[in-house]
Amino acid sequence: MKTFALILADGQASRMGGEDKGLALLGGKALIDHVIDRVRPQVSHIAISTNRNLEEYARRSPHIFPDARQWQHFGPLSALCTAANDLQLATADWLLVVPCDMPYLPGDLVARFETVSKRTPLCNAYYVETPITMHYNIMYIRPQILQSAIPYLFSGMKTLRSWLQQQRARPVRFEFDGHFADLNTQIDLQEG
């Protein structure tokens, strides 16, 4: 099975004072580098969605793209709508979507999603559930469903949760919430 990753690094990072969150340092290393190190062994290709510092991100993956102009500033759905027209991503069997600010992702993330997807072959979308919360921004989806994000966004809807519900996505349970800690502020980075 061919699984690609899409790392979302296109947020406005308002809680970081506008600093590019993916390039913020944790232990002397950019957050996105931590994420890449966690997902690279699990996937065959990595794409990055970003709206700034494109050259810097291109050093990490040659497959980068900004949000299409008509979808900018709509959060993660902007990246999904833009990715819907990416021919290279369309060749994957599955797409792992993760944010750039979760440096502790588990090493068995794709394997766990794969196991559940084999038991429920008619389901096209999954997301992470922990004892504390649902992580809708960590998805394992069939690239073909990305097209449905476009009319969803044009209809005025903007949440990943509702879009995933529309796709009849299923949660995949992970017991350790610490793997999914998102570092949103400078204080988070200092404590990280």
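Placed from the backbone N, Cα and C atoms, the Cβ positions cover glycine too.
As given in Swiss-Prot:
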BINDING   LYS21, ASP67, ASP101  GTP binding site
BINDING   ASP101  Mg(2+) binding site
Q) In Å, how long is the longest CA to CA span across LYS21, ASP67, ASP101, which the record gives as the GTP binders? A) 18
**Q.** Structural state of ASP101 (GTP binding site), classified by DSSP into three states
**A.** coil
Q.
For the binding-site residues listed here (ASP67, ASP101), tell me which residue's CB has the most neighbouring CB atoms inside 10 Å.
A. ASP101
**Q.** Cβ packing number for LYS21 (GTP binding site), 10 Å threshold
**A.** 26
Q. What three-state class does DSSP give ASP67 (GTP binding site)?
A. coil
Q. Helix, strand or coil at LYS21 (GTP binding site), per DSSP?
A. helix
